[in-house]
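Single-structure report; data block below.
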C-alpha cells in the first residue's frame, strides 16, 4: 500500500492518529520537502516515528517515482506531505498538485493500492483570519521575481475575484534546493539556501504590478490580511492596507496573504478589526469601499 | 484553555495526535453535532477518549455558549468539530462558520485563551476528485427545498464561477434535530430523523432551478463529479453529466457535488476520465465545451 499522508501545518504532532499508524507500519518513509515546511525538521520526525525518513526532493518525486513505489504492492510505503496531500500550500501550486497526482497515477498504473490520509491545509486553516471560506474566490500563487522574469498573470485572477467582491488567498513562493544559473550551467550540484517569500516581498511585488497594470486591483489602499505561520503556536495575523503591511515584521516562514474582497460581511469586518494595525484607517476604508 | 479541535472527515482516528492530547487533558468535551458527521458516533468517540462527550446541538452552541465556556480560564475544555473548525462542511455554511466564530469571540471576551487545532476539511479533501484546488471559485451550499421555500440564490454564485471557467464545490444540506412545523407550533420537543441531502437530490434541485432561470448554468449536459464520503474508506467518486448523475446510487452520507468549470486542464480531464460513468460521453463533452 502507498500511503499519502498529510502532516498538517505545524509540528510532528499534527499528523493524524491514522496517519501515524500508517507511518509506523511502513517499511520506507519519504518526506516531500520542496513545496512546504513544518516547524520541525527531518530529525524530529525520525525521532517521533522511530524510523528513518528519506527526503524526497522535486527531482526524486518527478523522475524517480518508481524508486518510491518499489515493492509497494507488497509492503507499506508512506509518502509524507506537509499540509494536505491534495491541498496546495505556500508554493507554486500547480507543480505541487501535479507531482502528487502523478505519483498516485503512477501507483495506479502499477496496480499499487493507494490510501490518502487527509489533513489540514492552509486553504481551510486560513479561515482563522476571520474571513469566511465561502467568500473566497480562486487561490493564487505569487512567485519570486527575478531580474528577467516578473510573471504577473495572477493579477488577472485577483481581478476576477475582486470584480465579484471575493477574497483572494495568495500563497507565497518557496525556493528549496535551487541551483544558481552559474552552478546549473556548470553542472555543479551546489544548492542555494532555501528562500521563503515574506508578506513584505509579496506586497512589494503586488504594488509593482499594480503600478504597471493600473487596473485598480491591488493598490496601496487595498485591505489585506497578512497571515504568518497559520496553525502554529506563533501564528501571527495582521490586517491593514497593502502599504501598511509592506513594513510589518511577520517573523519566520511560512507567510501567506489574503486580499479582502468587498463582499466582506459586517461580521467578518468586526472579527478582523481586532487584527488591524490601525483600526481607524480600517474602519474608514471599510465604510467607503466595502459593503459591510 | 478552550481547544477547538477538528476531527477530520472519517472516523475517531482522524483526529491529530495534538488534538487527541488536548481532548484527553480536558475536563469537559463537547461535540458539535449539527453541521456534519463522522462515520462513527458519540459512543465510539467516548470509548476512544475514555471520557464522556456532550452533544452540543445548535441551540446549545448558539444560546448557551457560556455553559460550554464555564471555568475554561482555569481548566481545559474541548469543543470538537467534524472536519476543520474554520472549514465549512456539507451543511449550510454560513451558520456553521458563524457559530464557531461566535464561540471564539465569546471566549475572547471572557479572557479565555483559545487554541484551534486544525484538520482536514471537505474544502481541501475534495482535491481527491482530481480537480486542482486553485481552479475552484467560491463554494456554495444547496439547501433542501420545501413546499414553500425553494431558495436559488446560489445559482448566481455558480454562474459567476462558470463565467470564469472555474469549478464549483457544492456542499449539500444536513438537517439534524429539526422539528416539524406542527411540533414546533405546539412546543413539543420531538425531532425528525436526521436527513442528509444526496447527490441525486442536489442534481434534481439544480435542474429545476435551471429550468426556471434558463441561463445555461447547470443544465442536464453540464459535467460534474459526485463525491460521496470523501476521506473515508468507502469514498465514491463518479463523473458524468448532471442527468447521468441524477440516477447514480452513491450510498450513505455525506455527499457533495462538484460542477466542472471549462478552464479544466487536460491533466485534470485525464484523471477524472477514470471516474466517468460513460467515458465516451465525457470525452465528447470535454472536446466540445472545455478548453482541455
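Positions of Cβ are set from backbone N, Cα and C atoms, glycine also.
Annotations in TrEMBL come from automatic prediction, not curation.
Taken straight from TrEMBL:
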type	residues	note
DOMAIN	A:1-245	domain 'Tetrapyrrole methylase'
BINDING	A:9, A:84, A:87, A:121, A:122, A:172, A:255	S-adenosyl-L-methionine binding site
In all the protein chains shown, the tally of other Cβ atoms within 10 Å of the Cβ of residue A:121 (S-adenosyl-L-methionine binding site) is 32
Check each of A:122, A:172, A:255 (the binding-site residues) against chain B and write down, in sequence order, those whose C-beta lies under 8 A from a C-beta there; write 'none' if there are none. none
Record lists A:9, A:84, A:87, A:121, A:122, A:172, A:255 as binding S-adenosyl-L-methionine; longest Cα-Cα distance in Å? 17
Across the domain 'Tetrapyrrole methylase' (A:1-245), average pLDDT on the 0 to 100 scale: 91
Could you tally the C-beta atoms, other than its own, that fall within 10 angstroms of the C-beta of residue A:122 (S-adenosyl-L-methionine binding site)? 26
Cβ neighbours of residue A:9 (S-adenosyl-L-methionine binding site) where a neighbour is any other Cβ within 10 Å: 27
Sort residue A:122 (S-adenosyl-L-methionine binding site) into helix, strand or coil using the DSSP assignment. helix
Nonlocal residues around residue A:84 (S-adenosyl-L-methionine binding site), in sequence order (Cβ under 8 Å, 6 or more apart): A:6, A:118, A:119, A:120, A:121, A:123
If you count the other Cβ atoms within 10 Å of each Cβ, which of the binding-site residues A:87, A:172, A:255 comes out on top? A:87
